[in-house]
Amino acid sequence: MQEPAITPDLIAAHGLKPEEYDMILEIIGREPTFTELGIFSAMWNEHCSYKSSKKWLRTLPTSGPQVICGPGENAGVVDIGDGQAVVFKMESHNHPSYIEPYQGAATGVGGILRDVFTMGARPIASMNALSFGEPSHPKTRQLVNGVVEGIGGYGNCFGVPCVGGEVRFHPAYNGNCLVNAFAAGLADSDKIFYSAASGVGMPVVYLGAKTGRDGVGGATMASAEFDDTIEEKRPTVQVGDPFTEKRLMEATLELMQTGAVISIQDMGAAGLTCSAVEMGDKGGLGVRLDLENVPQREENMTAYEMMLSESQERMLMVLKPELEAEARAVFEKWDLDFAIVGETIAEDRFLIMHHGEVKADLVLSKLSSTAPEYDRPWVPTPAAEPLAEVPQIDPIDGLRALLASPNYGGKQWVYEQYDTMVMADSARTPGLGAGIVRVHGTDKALAFTSDVTPRYVRANPEEGGKQAVAEAYRNLTAVGARPLATTDNLNFGNPEKPEIMGQFVGAIKGIGAACAALDMPIVSGNVSLYNETDGTAILPTPTIGAVGLLASTDEIIGKEVREGHVALVVGETTGHLGQSALLAEVFNREDGDAPHVDLEAERRNGDFIRANRALIKACTDLGDGGLALAAFELAEGAGVGLHLDDAPTEILFGEDQARYLVACNFDQAEALMSAAGQTGVTVTSVGRFTGDTVRIGGSEALLADLAATFRASFAAAVA
């Protein structure tokens, strides 16, 4: 096939700036081949190179006594004791999910699961954090239905429980939805597999499904803004097969028991190109590939297509040659391809051959560790104007408005489409707070949560970044878990705009401060930039996924609200309504500053909850919607009415941080308040759980009526 001439239009179509193309010419001293141009495009885009964010990502805390492996590998690895580790990561599949919702979301799940089992861990839990445009937007229903079906279709067939997540709606996502997928797995802490190649002349082996033309250019597409040519990008979306992925996982984990694996990497963004380059670069080696040996499911595939295909369910491995026969037998047993497609070489070289013809011959390190890196100009986000007066409202009317919104109504419509109990180790399913999964064969359990409040981040990126981590800390604490570590999924607009880069920098500063103060290092993550359509950016959305440990399932704080239980707020309430849910849903306002996050108070109050778990029957953190919404959710979940003391609107619906709502019997309440007095923690009685109505001061409604609104609002908006 005649390869196209390299023209300015072709260079631009590959997402390369003119100055970046000049760098390529300087590096290789000649015009690149078409395949080489594609390789540079894939490796130098934002999705693979982090060229706009690397400088700031380096400032995050990534180490701690519990951290076995931090950022840089397929997933983070954290010690949980007894020779075991939890392996986890969160990653975006935003652009593909907007173009083709079902396959975009499904392959997002598949990709994050591969990141986990590539490290030698069997997946035990998944979550997803989803952001969509306003429900009335003509594309929103299609996106919600397609994304949720895609996540369920892939995860359910693969057989991993979905234990939590988030769903939000906002006009800022009308042109770009966000699909952030999280997965966690268990491994022996001394049997973690890494991606750095070692040894010269070692076989490079292709594993899994065959290569097709799906996903060619996907990583480059995921590093660009959308415009009115979006439909043309549909072929760049990958197609997933969860049954093949299941077989690939079983074969990979079985292969790892043979001792044949030197290094292993899944094929995700930029496919064969990125996996081969990363393995070689991390090991200080070069790689030669012979593409005629690549298993192909389509005829007449070019070198360019094979190198950039993002066909799913594929891995690349460097193998001990003496164990080739044993390794091949494992993959043949699982009816998967096993093909030697190249070898490691001593030179810093990426050599691509196809039927004896050189298709690419590049300096390998220039594609990865020494790729371009930018210090983008940025401007701080201006301080928010003071909050204008917020009128007092009838509290039941305010609560009903929140419950009627798909943002704050029940999410059963979503998680009932997911298998939450497969593997039979889920101790708490989605609905309220963190999900919990038992560590099979032990008394331990792991808790998982995903959190961010984008309105806060837009108003005050640094406080919003802190708040995302602090809320994750509280959600883990509220179920009794000790927070261990975090993964971040940083979703922002165009980093070439100084105001967007300022949001990113501010959020990173806040996340870093909170992770350091709360001993929750970042061990993995993902950056998704250029989430803009026709120049309109999403809300800055730095999603935080976090994992906590319970030494025993006896430590789980339940949701056992009973008739007569006292409702107590742990933490200081001042009545912060800026950027609150009430302000948005009742008054159609998004003004004021984000709530301040006092990290010392977060730690002190979290320690207090865990130390006094024996006195607490139910616990939830106070976030969106404040006391009124949190108290209703506890009451609704238990089927018990709620009487809250009369208080001003800002006290009932304010979103002050570092707070929890707990339920306990009268004697326990007295003991808890006594303990608080000795530790400097504020605990306030705010009402009790009783009857079959929700009464707030002098305003009252039937619990059943409010519950019906709560349970129907999401489906009414999107079904």
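Glycine is no exception: its Cβ is also placed from the backbone N, Cα and C atoms.
Note on HIS47 (active site): other Cβ atoms within 10 Å of its Cβ, all shown chains, come to 26. The active site annotation in Swiss-Prot covers HIS47, and the record cites sequence analysis as its basis.
Taking all protein chains in view, 32 other C-beta atoms sit within 10 angstroms of the C-beta of HIS93 (active site, proton acceptor). Taken from Swiss-Prot, the feature active site, proton acceptor covers HIS93.
According to Swiss-Prot, the ATP binding site annotation covers TYR50, LYS89, ASP488, GLY525. Every protein chain shown contributes to the tally, and the Cβ of GLY525 (ATP binding site) ends up with 27 other Cβ atoms within 10 Å. According to its DSSP assignment, GLY525 (ATP binding site) is in a strand.
Sequence annotations record features per position, and here Swiss-Prot assigns Mg(2+) 1 binding site to GLU91, ASN526. If you draw a 10 Å sphere around the CB of GLU91 (Mg(2+) 1 binding site), it holds 26 other CB atoms from the protein chains shown. Secondary structure from DSSP puts GLU91 (Mg(2+) 1 binding site) in a beta strand.
Per Swiss-Prot, the feature substrate binding site maps to SER92, HIS93, ASN94, HIS95, ARG114, GLN238, GLU310, SER311, GLN312, SER528; the stated evidence is sequence analysis. Secondary structure at ARG114 (substrate binding site), as computed by DSSP, is helix.
Per Swiss-Prot, the feature Mg(2+) 2 binding site maps to ASP115, ASP266; the stated evidence is sequence analysis.
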Request  = Report the residues of the chain - excluding TYR50, LYS89, ASP488, GLY525 - with C-beta within 8 Å of the mean position of the site's C-beta atoms, for the recorded ATP site, in sequence order.
outcome  = LEU57, PRO71, MET90, GLU91, THR487, ASN489, LEU490, ILE522, SER524, ASN526, VAL527
Note = DSSP, reduced to three states, assigns HIS47 (active site) to helix
Request  = Measuring Cα to Cα, tell me the gap between HIS93 (active site, proton acceptor) and GLY525 (ATP binding site) in whole angstrom.
outcome  = 13
Inquiry  = Please list, in sequence order, the residues in the chain of ASP115 (Mg(2+) 2 binding site) that are at least six apart in sequence and whose C-beta is under 8 Å away from its C-beta.
reply    = ASN74, ALA75, LYS89, GLU91, ALA183, ASP266, GLY268
Inquiry  = Checking the contact step here: among the recorded positions HIS47, SER92, ASN94, ARG114, GLU310, which have a Cα within 10 Å of the Cα of GLY525 (ATP binding site)?
reply    = SER92
Request  = Write down the Cα-Cα distance for GLN312 (substrate binding site) and HIS47 (active site), rounded and given in Å.
outcome  = 17
